[in-house]
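K.L.:
The structure is given below, and queries will be raised subsequently.
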Amino acid sequence: MQLSTFTQVLKYKFTVTENHADPETMLLSFLREKLRLTGTKYGCGGGGCGACTVMVSRYQPATKTIIHYSANACLLPLCQLHGAAVITVEGIGSTKTRIHPVQERIAKAHGSQCGFCTPGMVMSMYALLRNKPQPTMEDITQALAGNLCRCTGYRPIVDGCRTFCQETNCCQANGVGNCCLNGANNADEPEHEKPQLFDKDDFLPLDPTQELIFPPELILMAEMANPQTLTFCGERMTWVSPTSLEELVQLKTSNPKAPLVMGNTNIGPDMRFKGVQHPLIISPTRVTELFEVTQTPQGVCLGAGCSLSEVRSLLEKLVPQLPEEKTELFKALIQQLGNLGSQQIRNVASLGGNIMSAYPNSDLNPILAAGNSKVSVISSGGRREVPLNQDFFVSFGKTILKPEEILVSVFIPFSRKGEFVRAFRQAPRKESSFATVTTGMRVFFSEGSRVVQDISIYYGGMGPTTVSAAKTCAAIVARPWDDETLSRAYDILLDELALPPSAPGGKVEFRRSLTLSFLFKFNLEVLQKLREMNVITDELPEKMQIKPLPREIQRSLQEFQHVSKGQSNQDPVGRPIMHRSAISQATGEAVYCDDIPKTDGELFLALVTSSRAHAKITGLDVSEALQLPGVVDVITSKDIPGKKVRSMFGYHEELLAESKVSCIGQMVCAVVADTRAHAKRGAAAVKISYEDLPDPVFTIEEAVEKSSFFEPLRMIERGNVTEAFKSVDQVYEGEMRMGGQEHFYMETQSMLVVPVGEETEFNVYVSTQWPTLTQDAVAETLDIPSNRVTCHVKRIGGAFGGKVTKTSILASITSVAAWKTNHAVRCVLERGEDMLITGGRHPILGKYKVGFMNDGRIVAADIQYFTNAGNTVDESVLVVEKILLHMDNTYNIPNLRGRAAACRTNLPSNTAFRGFGVPQSIMVVENMVNDVAVVLGRPPDQVREINMYKGLSVTHYKFEFSPENMLRCWEECKAKSDYSARRRAIDQFNQQSRWKKRGMSLIPIKYGIAFAESFLNQAAALVHIYKDGSVLVNHGGTEMGQGIHTKIQQVASRELHIPPSKIYISETSTNTVPNTCPSAASFGTDANGMAVKNACQTLYQRLEPLRQKDPKGSWESWVRAAFFEKISLSATGFHRGPDLYMDWDKMEGQPYAYYTFGACCCEVELDCLTGDYRTVKTDIVVDIGRSLNPSVDIGQIEGAFMQGLGLYTLEELKFSPSGLLYTRGPSQYKIPAVCDMPLQFNVYLLSDSHNPHAIYSSKGIGEPVLFLGSSVFFAIKDAVAAARSESGLVGPFSLDSPATPERACLACASRFTQKIPDSKPGSFKPRALNI
């Protein structure tokens, strides 16, 4: 088979002729493992994250043109790439040759933090520019919609890509907020004085003539007249690619069960995630009849093989050429195609495949059916036409077609005069997300009449198939289109599309309510059209109209302070310097753990996990696994030579379960094999027998009832809460629930353990935040001294707290396999396993009782927190402590009591996650303050202000601090966001709009930095100067995208008085800097920066006599002289951090070194009918002292905010009633994407702030801002309150986090949601647990 791939690794392209392609091999594993092109990353394996995006080019002989499109390498079968050219990130540019403008701009605009998603972003953007060298903003957001990033918050990526847009000569495009278009006059402040994060004049221009050419030999091959049938035979599967329709019909007749694969976006994930196996696959991509497009007087006939992108662009070309009345159905299809999947998926997925997969929540089928489309099918018995209607879809994933029939084309009719067609969809996330409910609606009126001649309504997501609302249509047809007809229709529709409360997919009330909302939206659009045609004259009140939510991304501001006038130009501290490895990350050269080349004889480890939540293991049968090809061994707890458990707080966690399991996903044993695929098949063949134990505990309520807690339970109190409640004006009690959160670091847990071969020495390459913990764990597990284990961490593809405890356990298991087999063993979790095994943020239930005065002063509060800790203690006790230490947030409540407990349940253990309990703690407090404001009928920002700390203050744990900068952040945020004026504008907007509401909120934060466990506040460094003057810095912090190496480089540059280019940081390893502490608690730079500063000062002082001897000399000459004078050019540095402590018996202490303050104002617009919302504007003011690097710090602020936005409004973990995690990948678990970014995203660093407690007066910034994402939640809650008041509902109401579209929509309590009957709890088994 011929597959040409480009790369400039060898300075020339090479043609890959792979004669023995296995049909199960995807392009991703071929690139990474066979060709060693590791720039293309594995992120999810299901086309949901975009990390593996490549560009595919093909020559089309019919038109003699070359097409380029982006695609997910993880879903592209190698067999399908015959005659294609593939361009990977390495192929477009590298640091060895020259970098491509896309790579340069994403890097220099600070759009790469951990860098794991960057190659995918680069390739999505590159493919767009190959097709459209001057894209619009809309093109860019579409192109990036299928690429997830967990670090940046997207703003810098979009800003870097925006520099390719045409509209760049406007001053807005140059990063200046006040544009001449806004009529703003900037006379008072010369604009050039404001420092910018990057200067776009430095960028290389994009020159389309310099792009790689399509290989001429592939053109010759494609032009050859007689294409051959291709057949590939793999280990378990055969792949046939026929060249003519007759041959395809013959193949399908003799193999009716063999699936037809075009884009592999449906069969691929089924094979990968559900273990579906097909002995034969037929790939008709070269059958030209499947791609023909013809136009008839009645409509358009599209070949079933056309990709969804092609269908969309064909329809977009047709719409302007036809009279408007003919294009109603086309426009509705274009709209649905814009939201279906991502660009990468639409580029390969076919129209026929989308129809034939017959998904219940299909986006296209309802609209095709409502529009009277037909399909043409062929089999050995000839052709026939089949209408797409309610009879076409038989059951889940099944259509009326016979197994041997092949869908050849789809006929899409023109609409007629007086005919209106609309499509609506609602999904958990606005883009690249499966829909919850979709609909297609068509109505036809004869000219000049409002009497309905014909109507057709289809829904997706309301049953196992696409369903027709036939009874509802019957109630509307032949009647006038008016309120009377429709209000009857709503009631009929409600009965017709009833879902049982335990229906698959859950969200039953929401889905039923959406069916009504969509019909209502259709009604409003039809009335609008009838009015335009003068059929009806009564005006639709302005208030009732529904315009789509805003979507234009605006220019954002990033304000920070210039470095002081006297600072030397050579000193980089305080300047917005690019992340030190951003360019390597953008070219795919940056090496992550799984990019390390395979060593000879290397084995792969796959884990076998428990399928029961609470059971005894009665048997473990590995015999079948050991007989499979490639399987070498199975590792069980009996194989562990040393400690079989890890201990924390007096509790033990088993590395591998021996006699009983306590959650689904607990590791039982591990299979070692020669390849990933063999290890995975081996793991699937291990048989475990169980005996279930009674009464598993899943929810917080069950744990509380059974007193299932991890000790110690914590409590803190100041004042006398019980007495204070007697003297207040009012008392209110409430509660708040908050779901958990998956870390979703882009790089899954990865490690490689290499036995050196002598004296039990091991090298461990691992993606961890705490190399020392992994070193200790491996040494104890293998029963060898720590000096035989070296841990190496080059960089981490995101961590957020999730690569500490579980990583050390995984590395220990992997090390046992390496020790037993004496081979290098690699373990890289698949995304689904990672999500299942590693746990995430603790879900909580907070209950509060608050006493307050009528003027808004809160006098007393009693708050109880329960966290769902899961099956092992992990760091849960520390999380609970931090929850209580932050429960005051910025409020001085004289009588305050907090109690917190970590509940022990049979779910996978939860662990550290950016913010470490604070985002849960303060959420409950802010919700309480909000409730007080609502009870009093006062604006929440006033109640917040009244209760803030003022003057020299003391916290509830008796720690003295000054809240001055906190109040400055609050006031500045109000000023920068123009709070009062916008508040008035929102109230006015809400009065004029019935179905869309705006909401706004302003939220403060006070976050304690450093570890309350004093011994963790230490750091060490080792700095070498080599004879040529170059410097190597080693320190204990790990680089996971937060920019610690970049900041350390700046510190060393300042202290040694040399440019950063002379300083290199290779990796973090336990043999250079021993006994390190975790890179966590926003304390990495504080501690390690001081240690490096200490080492550099030692070295600089040693060179002092040489500088005095030769003051005119260069750095290099002094270093050389030092060597000849026998002066040591290597030094260690150490930082002994503050002695922090917390005494829980006395309820006092100094657990933090200092506080980072901030405030955030957000405005959202909410569609009350669907619960969809947009964050219109966000203004964040943060006090981070004197920033060491504004670009890195602003990147941390934006990234944390977006992660918080995900936590509070989007990300939902769902567990089955038996404790199995449903949401095990990006298709079920939605993290924020480009579409969730605030349309205007402004960040201001507080000026003139100092912090004597950290290096160069800076402050830790990794975690604090995450909580500020809750301002979006409270803005949604504000908008919901406005909607509720329209239904006559006032006063406090509960809205749990995350405020998903489902929760927001139901909380709005519109007349449609009120029609839905409540399902009584206990009368049915819910689909998901409320943990």
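Heads up, the Cβ atoms here are built off N, Cα and C, so glycines get one too.
Unlike curated entries, TrEMBL annotations are predicted automatically.
Copied straight from TrEMBL:
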DOMAIN    10-92  domain '2Fe-2S ferredoxin-type'
BINDING   Cys44, Cys49, Cys52, Cys74  [2Fe-2S] cluster 1 binding site
BINDING   Cys114, Cys117, Cys149, Cys151  [2Fe-2S] cluster 2 binding site
DOMAIN    232-417  domain 'FAD-binding PCMH-type'
BINDING   260-267, 350-354, Asp363, Leu407, Arg425  FAD binding site
BINDING   Gln769, Phe800, Arg914, Ala1081  Mo-molybdopterin binding site
BINDING   Phe916  substrate binding site
ACT_SITE  Glu1263  active site, proton acceptor
K.L.:
Least buried of the binding-site residues Cys52, Cys74, Leu407, going by other Cβ atoms within 10 Å?
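P.N.:
Each of the binding-site residues Cys52, Cys74, Leu407 was scored by Cβ atoms within 10 Å; lowest is Leu407.
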K.L.:
For the domain 'FAD-binding PCMH-type' (232-417), what is the mean per-residue pLDDT, to the nearest integer?
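P.N.:
It averages 95.
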K.L.:
Sort the binding-site residues Cys114, Cys117, Cys151, Phe800 by C-alpha distance from Cys49 ([2Fe-2S] cluster 1 binding site) and give me just the closest.
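P.N.:
Out of the listed candidates, the nearest Cα belongs to Cys117.
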K.L.:
Of the binding-site residues Cys44, Ser350, Gly352, which sits closest to Cys149 ([2Fe-2S] cluster 2 binding site) by Cα distance?
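P.N.:
Closest by Cα: Cys44.
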K.L.:
What is the separation, in Å, between the Cα atoms of Asn266 (FAD binding site) and Cys74 ([2Fe-2S] cluster 1 binding site)?
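P.N.:
Pair distance, Cα basis, whole Å: 13 Å.
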K.L.:
For Gly352 (FAD binding site), which of the binding-site residues Gln769, Phe800, Phe916 has the nearest Cα in space?
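P.N.:
Nearest in space to Gly352 (FAD binding site), counting only the binding-site residues, is Phe800.
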K.L.:
So which other residues, same chain and not among Gln769, Phe800, Arg914, Ala1081, have a Cβ within 8 Å of the centroid of the Cβ atoms at the Mo-molybdopterin site?
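P.N.:
Checked against the 8 Å cutoff, the neighbours are Ala799, Gly801, Gly802, Val804, Ala912, Phe913, Phe916, Ser1079, Ala1080, Gly1262, Glu1263.
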K.L.:
What Cα-Cα separation, expressed in whole Å, is found between Leu407 (FAD binding site) and Cys74 ([2Fe-2S] cluster 1 binding site)?
P.N.:
26
K.L.:
Given the recorded [2Fe-2S] cluster 2 site (Cys114, Cys117, Cys149, Cys151), which additional residues of the same chain have their Cβ within 8 Å of the Cβ centre, ordered by sequence?
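P.N.:
Once Cys114, Cys117, Cys149, Cys151 are set aside, the remaining close residues are Ser112, Gln113, Gly115, Phe116, Thr118, Arg150, Thr152, Met746, Gly797, Gly798, Gly1041, Gly1199.
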K.L.:
Which of these binding-site residues is closest to Cys44 ([2Fe-2S] cluster 1 binding site) if you go by CA atoms: Cys114, Ser350, Gln769?
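P.N.:
Checked the binding-site residues Cys114, Ser350, Gln769; minimum Cα distance to Cys44 ([2Fe-2S] cluster 1 binding site) goes to Cys114.
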K.L.:
Going by DSSP assignments with H, G and I as helix and E and B as strand, what are the residue counts for the domain '2Fe-2S ferredoxin-type' (10-92)?
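P.N.:
Across the domain '2Fe-2S ferredoxin-type' (10-92), the residues distribute as 16 helix, 25 strand, 42 coil.
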K.L.:
Quick check: of the recorded positions listed here (Cys151, Arg914, Phe916, Glu1263), which one has the Cα closest to that of Asn264 (FAD binding site)?
P.N.:
Cys151
K.L.:
Where Asn354 (FAD binding site) and Cys74 ([2Fe-2S] cluster 1 binding site) are concerned, what is their Cα separation in Å, rounded?
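P.N.:
The separation of the Cα atoms works out to 19 Å.
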K.L.:
Hey, of Cys117, Leu260, Ser350, which of those binding-site residues are within 10 Å of Cys52 ([2Fe-2S] cluster 1 binding site), Cα to Cα?
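P.N.:
Correct set: Cys117.
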K.L.:
Could you measure between Met262 (FAD binding site) and the residue listed as 'active site, proton acceptor' for me? Cα positions, answer in whole angstrom.
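P.N.:
Approximately 45 Å lies between the Cα of Met262 (FAD binding site) and that of the residue listed as 'active site, proton acceptor'.
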K.L.:
Using the Cβ center of Cys44, Cys49, Cys52, Cys74 as the [2Fe-2S] cluster 1 site position, which other residues in that chain lie within 8 Å, going by their Cβ?
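P.N.:
So the extra residues in range turn out to be Leu28, Lys41, Tyr42, Gly43, Gly45, Gly46, Gly47, Gly48, Gly50, Ala51, Asn72, Ala73, Gly120, Arg831, Pro1226.
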K.L.:
Could you state, as a whole number of Å, the largest distance between Cα atoms of any two of Gln769, Phe800, Arg914, Ala1081, the listed Mo-molybdopterin binders?
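P.N.:
Those residues reach a largest Cα separation of 12 Å.
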K.L.:
So among Phe800, Arg914, Phe916, Glu1263, all listed as recorded positions, which is physically nearest to Cys151 ([2Fe-2S] cluster 2 binding site)? Use the C-alpha atoms.
P.N.:
Phe800
K.L.:
If you measure from the CA of Phe916 (substrate binding site) out to 10 Å, which recorded positions from the list Cys117, Leu260, Ala1081, Glu1263 are inside that radius?
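P.N.:
Within 10 Å Cα-Cα: Ala1081, Glu1263.
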